[in-house]
Every structure is written in C-alpha cells, then in structure tokens.
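Enquirer: This is the structure, below, for whatever I ask next.
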Amino acid sequence: MSTTPQEREKPVRVLVDNDPVPTSTEKWGKPGWFERNLARGPKTTTWIWDLHALAHDFETHTSDKEEISRKIFSAHFGHLAVVCVWLSGMFWHGAYFSNFTAWMENPLGLKPSAQTVWPVFGQEILNDPSTVAKGFEQGGIVITSGLFHLWRAVGFTTTGQLAAMSIAMLIIAALFLFAGWFHYHKRAPKLEWFQNVESMLNHHLAGLFGLGSLFWTGHLIHVALPVKAQLDAGIAPAQVNPFAGLDYGLMGQYFPKGFGPNGGLGAFFTLNWGQFTDFLTFKGGLEPATGALYLTDIAHHHLAIATLFIIAGHMYRTNWGIGHSIKEMLEAHKGPLTGEGHRGLYEVLTTSWHAQLAINLAMAGSITIIVAHHMYAMNPYPYMGTDYATQISLFTHHMWIGGFLIVGAGAHAAIFMVRDYDPVTNQNNLLDRVLRHRDAIISHLNWVTLFLGFHSFGLYVHNDTMQALGRPRDMFADFAIPLQPVFAQWIQNIHAAAPGGATAPWVGGTSPTWYTGALSSAATLQANQVLALANDKISISPIHLGTADFMVHHIFALCIHVTVLILLKGVLFARSSRLIPDKANLGFRFPCDGPGRGGTCQSSAWDHVFLGLFWMYNTISVVIFHFSWKMQSDVWGTVDRSTGAVNHIIGNTDVLLGGQTVALSQYAASSININGWLRDFLWAQSSAVINSYGGPLSAYGLMFLGAHFIWAFSLMFLFSGRGYWQELIESIVWAHNKLKVAPAIQPRALSITQGRAVGVAHYLLGGIATTWAFFLARFLALP
C-alpha cells in the first residue's frame with residue numbers, strides 16, 4: 001500500500017462559506033433595517049422615498065464586495081422565482097379561463113382569449129362579440145401576447161397540459177426561492193468564485209447556452225415535431241399523442257429517414273447524418289400553411305447553436321492550464337494608436353459589477369430590438385403572422401424593453417464611473433483615452449445631432465410648405481423628387497440574391513420581406529407575391545422602401561443620436577466637468593452643487609439618465625408609429641385569389657400630378673409631411689379608440705383617457721419648482737396644527753430629484769398606456 005506524499009497533494013480550494021448570515025425574520029420585519037438612518041423610523045415623509053431608493057442599492061448597505069455579490073446572486077434566484085410564478089399564472093389562465101381548446105381547432109377563425117368578464121352592471125360588453133356569438137363558455141377579452149401560438153408551436157394541445165405546466169412552474173419557483181435562500185444563508189460563494197470569469201464563461205457558454213439549446217433541440221424533435229405532424233395529418237388536438245416522440249415506430253411514420261432502419265443512433269455514430277434531413281432541415285423562409293418558420297429549420301438551428309456554444313464553453317483556461325486567459329487577451333489587445341489598449345479593463349470588469357452590467361444591458365437591449373424586427377419579418381410561431389393585434393403588440397413590447405435596457409446601460413456605466421472607477425489603474429488605456437478626449441467626442445456628437453435634426457426635420461417642413469403652396473412637384477416624394485434609400489435597398493437585394501448562389505446553394509430565402517424585385521410601390525403588389533394563409537389574410541409580403549422610409553429613418557437616426565448624446569455625456573462627465581470639478585464627490589445623483597452655484601442643477605449623472613429616458617421614449621414612439629402605419633398600408637391586408645388583387649388594411653392613395661393620377665400606398669403618399677402624420681395616422685386611426693364607448697373596446701377608450709390623465713399628471717412634477725410645493729405643505733401643516741390634528745410624521749415636499757423621478761415615471765407610464773390603448777383599439781376593431 002502506498003500513500004501520496006503530503007507535498008504533492010494539491011490543496012483543495014473552498015469556494016463557499018458555511019452559514020455566513022443567520023435567517024432572521026424579526027430583523028427583516030423592521031422597515032429600513034439595512035440602513036442606519038432608515039432603521040430609526042420615519043421623522044418626515046422623505047423616509048418612505050429614501051426607503052424605496054435604497055432598498056436595492058446594496059452598496060449603501062455595506063462596502064464589502066463579497067457581501068454585495070452574494071446579495072445580487074441571491075436576488076437573481078428571487079427574480080427567477082417571480083418570473084416562474086408569473087408564467088404559472090399565464091398557464092393557469094390558459095388552462096381554466098381560455099378558449100385555447102376551441103382556438104386550437106380553428107386558429108385562423110378565432111381570436112385568442114384567456115379571461116371573461118362576468119355580467120355585472122353590463123360589464124360583459126367587454127367580451128369579444130365573435131367569442132360570444134360562437135357560443136363559447138369561456139374566453140371573452142382578446143389577448144395579444146402570442147402565447148397560444150407559442151404553445152401550439154412547442155407542442156401543447158390541451159388545457160390539461162397547460163394546467164400541469166402551471167403547477168410545474170410553481171414547483172420550479174419554489175426551488176428557485178430555496179436556492180436563493182440557500183446560497184446566501186447556508187452556502188454562500190466567496191468573492192473569488194464570482195471573479196473567476198473563465199470558469200463562469202465556460203459554464204454559461206457550454207451549460208446554459210450549449211446544453212440548454214441541445215435540450216431544446218431534443219424537445220423540438222421528440223415533442224413539438226411529432227405533435228405538429230399529427231396536427232398536420234388532421235388529428236384533432238384533443239386526440240394528439242404527446243408521447244409519440246418516444247415511440248421509434250410512430251416517429252418512423254412521420255420521419256422515415258431519421259427514424260427508419262438506417263436512422264437513429266446508428267446513423268449518428270456512423271456519421272451518416274444525411275439520414276436526419278427529414279427533421280433537421282435547411283429549407284429557409286416561411287411555411288406556406290402557417291406563415292411561420294419551418295419547425296424542422298428551428299430544430300436544426302438550435303442544434304447548430306448547441307454545437308457552437310459547447311465548443312465555445314471549452315475555450316477558457318481554468319484548472320487544466322489550457323485555453324485562453326481573459327486578462328492576457330485584454331492586455332494583448334492594443335494597436336499603434338491606442339496606448340495601453342485594454343490593459344486595466346480586466347480589473348474594471350472583475351471589481352465593478354456596474355461596469356459588467358452596463359455592457360450586458362447594452363447588448364441585451366440591442367438584441368431585444370433585433371428580436372422585435374425578426375418577430376414580424378420571420379414569424380416563428382404558426383398563424384401568428386395574421387394576428388395583427390398580436391404582431392403590433394409584440395413589436396411594440398420588444399422595442400420598449402430594448403429601449404429601457406439601453407438607457408439602463410447608460411445609468412450603470414455612469415454609476416461605475418462615480419463609484420468604481422480608479423484613475424490610478426486606468427493610465428493611458430482606452431477608457432482613460434476616451435475620457436481625455438471627451439470634449440471632442442461630445443462636441444462632434446452634438447454637431448452630428450444638430451445636423452441630423454435640422455436636415456431630417458427640414459425635409460418634412462419643406463414638404464409641408466410645398467404642399468401648402470400648391471407645388472406638389474417640388475416635394476420630396478416617390479411621386480415628385482424621390483430620395484431612394486439606396487443602402488437599405490442594397491441590403492434587401494443581397495438577402496434576396498443569396499439563396500441558390502455559391503455562398504448558400506441549399507438555402508431558401510429567409511423572408512419574403514427581401515424580395516422587392518421590380519416592385520415600384522406597395523400599391524402594385526399582387527397576390528402571387530405575398531404569403532397569404534387559408535383565410536386570405538396576408539402574413540408577410542415584400543416590403544417596398546422609398547422616400548417616406550428614407551425620411552423617417554433619418555428621424556430615427558436623429559432620435560437615437562440625441563439619446564446616445566445625453567447618455568454618453570452623462571457617463572463621460574460623471575466624475576467631473578468644468579462647471580463641477582468635484583462631481584465624483586457628490587455621487588451619482590444630486591440636485592445642484594449647493595447654494596451660490598447657480599446653473600449647476602440637473603447636471604448629475606442621474607439627471608442625464610432622466611433626460612435620456614424622454615428621448616428614448618421619443619425614439620421608440622417614432623419607430624412603433626412608423627411600423628404600425630407602414631404595415632397597415634404596405635403589407636397587411638387580404639388577397640382576392642380570383643383576381644390576384646391585394647387589398648391592404650388602409651387603401652391606396654391616388655395622387656393627382658399634372659393631370660395624371662399616380663397610385664401610391666397611403667404611407668408613401670402621406671407620411672412625407674408632418675400634416676400627413678397628424679391627420680392620416682394619429683387622428684384617422686384614433687377614431688377606433690375615441691368612438692369605442694358602448695362596445696367591446698370601451699375598456700381601451702377608458703384606458704386612453706386615464707393614461708392621458710397620468711401623462712398630464714406627470715407635467716405637474718416636471719414643470720414645477722420644489723419651493724411652491726413646500727410652501728403649500730407648510731400652510732396645510734399650519735392649519736392642521738391650529739386644529740391640533742398635526743401628524744407625527746412631518747410632511748415634506750419631494751426633493752428635486754424625487755420630483756423628477758415621479759415625473760418621468762408617470763410620463764412614461766401614461767405615454768406607453770396611451771399608445772397601448774391606441775394600437776389595440778385600432779387593431780381589434782379590424783375583422
């Protein structure tokens with residue numbers, strides 16, 4: 001028997017602490033326990049505002065990086081639990097209050113619904129008349145989340161399955177809650193564990209993305225695809241066998257190559273992968289029957305993603321001494337004009353979670369906006385392309401989420417600069433060089449923004465003026481002086497020409513949106529050019545881009561550049577400026593730089609985020625209005641298969657020019673001036689919500705009014721000075737004192753920062769809910 005000499009044993013690293021924080025509901029039950037001043041209890045009404053501001057700002061609770069990291073990690077599990085409870089509610093409503101069963105049998109003829117209004121005081125008028133007319137015992141209010149389409153795509157066919165999933169989600173939520181408690185109170189990771197980025201990358205890439213995609217591929221092949229095959233074969237949803245994917249013989253009926261005598265695992269291990277091409281395809285484009293991406297293409301896509309990410313998850317150096325070191329790569333990343341390059345950024349990203357979060361938010365926000373565009377151009381779920389209310393809802397939702405995430409990136413980048421930036425470790429690296437060039441960067445960005453603003457808006461003003469003067473020939477328009485978006489058309493042509501070429505000889509086109517060909521206008525579309533489903537509704541069609549698109553895209557550019565200008569200025573000037581050299585000492589948010597320092601108000605990093613939110617709102621509003629009008633005018637509608645005609649939701653506009661009539665889509669003809677946007681889009685399309693009272697859409701009319709009120713209420717906070725409110729409060733307190741009914745907690749007016757926070761929150765809530773009501777009343781009124 002031999003023993004290993006002691007000196008040769010590798011010491012085991014303990015990466016967790018046992019029982020670091022006792023579980024104490026008594027302590028947590030005391031409001032403000034996490035901060036010394038708050039724990040004393042309220043003296044003034046400011047206390048409740050500070051409670052909200054600081055509850056999740058862990059860095060104000062402690063300066064211990066390890067403790068902060070553990071709190072964030074634990075909170076992630078709590079967040080996942082909340083998401084699972086929320087999803088459980090979705091499944092529960094789908095199981096017990098929806099018309100999912102009926103919708104599955106007639107997805108093109110019914111609108112999804114998962115809630116019905118009881119007949120109290122006539123409120124049942126809110127139930128969708130088509131649902132009531134068809135004699136459904138369940139379902140009433142139309143839902144536009146796309147969940148029914150998603151559920152059908154992934155293999156749900158009965159409400160019993162939805163109920164089981166609802167219970168499963170609650171169980172998963174409970175497990176996440178337990179994990180959050182366990183990893184903070186019983187086995188809490190050490191700071192070293194959080195800073196081990198190579199191991200984290202390997203596990204996230206190979207585990208979460210790689211194996212996650214592989215598991216999903218398995219689900220698609222063994223559950224979703226056989227369910228779809230049975231539905232396509234005419235089997236009633238209630239009779240579909242959800243376990244067919246586990247029966248080799250049954251699968252062989254639907255996929256004879258992959259599950260035939262020469263298929264299965266044998267084909268996999270002998271590298272005869274061509275056998276799998278009946279369920280792992282590369283068809284490209286959309287399935288004509290459903291208007292959705294081919295499910296076999298989606299399975300193939302996820303298998304490819306899984307392969308790539310599992311490989312990527314083995315790239316970084318951990319215990320084995322092979323692979324990349326992030327620190328070495330960053331420090332080697334320098335060029336002839338970049339000084340020290342990325343040296344020091346490893347320390348930044350492993351000691352500042354704000355810096356890491358800022359990068360992740362910027363990427364996640366951008367990806368979410370890309371998702372918004374993919375959802376309509378390459379609709380992933382069956383029959384969703386013709387559910388226009390759902391399509392506009394999903395586009396708007398993803399655009400808003402993306403906008404908020406990107407503003408959040410600016411916020412956390414600024415917090416990093418104030419709280420975590422170390423000038424000593426960032427000497428002549430790219431971060432330091434950007435900060436030293438900040439005046440040039442911001443002034444150039446400012447100039448570009450002004451140029452964009454005057455020129456893009458100037459095109460619209462020019463057109464309004466020419467129209468008012470009766471000179472249509474002098475307008476910038478497809479019918480007069482065209483401004484063709486040549487770069488966008490070039491990108492369209494690249495995508496249209498790619499399939500069948502040398503680069504992709506086997507691939508079909510990704511979407512009909514690219515195939516504009518000789519299309520001179522959306523008004524000339526024919527039925528054979530669009531993808532229309534069995535109910536003759538258009539799912540997607542070629543999208544013609546012209547002068548109107550060129551103009552509005554320059555408005556997008558203006559709005560995006562202003563948003564970036566505000567956020568980037570907030571980040572680059574977060575620590576100091578000529579006006580306030582000691583800004584870093586004042587913190588992330590401060591109202592002004594004290595008395596006698598006029599002109600220093602609204603210059604904190606927080607105030608830049610505050611202003612950035614308004615411009616983000618402007619940006620997203622223009623984008624979703626453009627999308628709504630363009631799709632109704634140029635894409636969505638119906639086809640007449642007997643004549644080959646395409647009838648868009650909004651009919652074409654005849655433009656009279658020099659005695660000749662030119663037919664254009666309404667969007668191409670009207671959106672080229674401000675008057676057109678106000679009259680033909682906002683005013684014309686708001687008729688549905690304004691006239692909704694007394695019908696099933698009346699809830700949206702009330703929401704439209706209420707949201708306008710919330711928006712107007714915000715102006716009271718945004719336009720007023722704090723002094724006015726404090727004086728008003730003092731006089732009310734005086735009256736209470738006279739009557740000896742003064743409260744124990746002294747009333748205080750909101751601080752300047754609190755007032756702005758309340759203002760922007762109500763401004764955005766009011767604006768978003770107004771847009772929501774405007775869109776849904778319009779789209780649900782359509783047949």
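Using N, Cα and C of the backbone, Cβ positions are placed for all residues, glycine too.
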Enquirer: For the transmembrane segment entry in Swiss-Prot, name the matching range from 201-225, 226-250.
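Expert: It is 201-225 that Swiss-Prot describes as transmembrane segment.
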Enquirer: Return the member of Cys592, Cys601, His708, Met716 nearest to Trp725 (phylloquinone binding site) in space, with distance defined Cα to Cα and candidates limited to these binding-site residues.
Expert: Met716
Enquirer: For the transmembrane segment (697-719), could you work out the same-chain residues 6 or more beyond its ends whose Cβ comes under 8 Å from its Cβ atoms?
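Expert: Non-local partners: 125-126, 141, 688-691, 750, 755-756, 758-763, 765-770, 772-774, 776-777, 780-781.
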Enquirer: Compared by Cα position, which of the binding-site residues His708, Met716, Tyr724 is the closest one to Cys592 ([4Fe-4S] cluster binding site)?
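Expert: So, of the listed binding-site residues, the one sitting closest to Cys592 ([4Fe-4S] cluster binding site) is Tyr724.
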Enquirer: Do any residues at least six apart in sequence from Met716 (chlorophyll a binding site), in the same chain, have a Cβ closer than 8 Å to its Cβ, and if so which, in order?
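Expert: Same-chain residues close to Met716 (chlorophyll a binding site) (Cβ under 8 Å, separated by 6 or more) are Gly759.
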Enquirer: Could you state the CA-to-CA distance between Cys601 ([4Fe-4S] cluster binding site) and Tyr724 (chlorophyll a binding site) to the nearest Å?
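Expert: Here the two Cα atoms lie 17 Å apart.
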Enquirer: Given pairs 6 or more apart, does the transmembrane segment (550-568) have at least three Cβ pairs under 8 Å with the transmembrane segment (72-95)?
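Expert: These two segments do not touch.
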Enquirer: At a 10 Å cut-off from the C-beta of Trp725 (phylloquinone binding site), count the other C-beta atoms across all protein chains.
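Expert: Around Trp725 (phylloquinone binding site), other Cβ atoms within 10 Å: 17.
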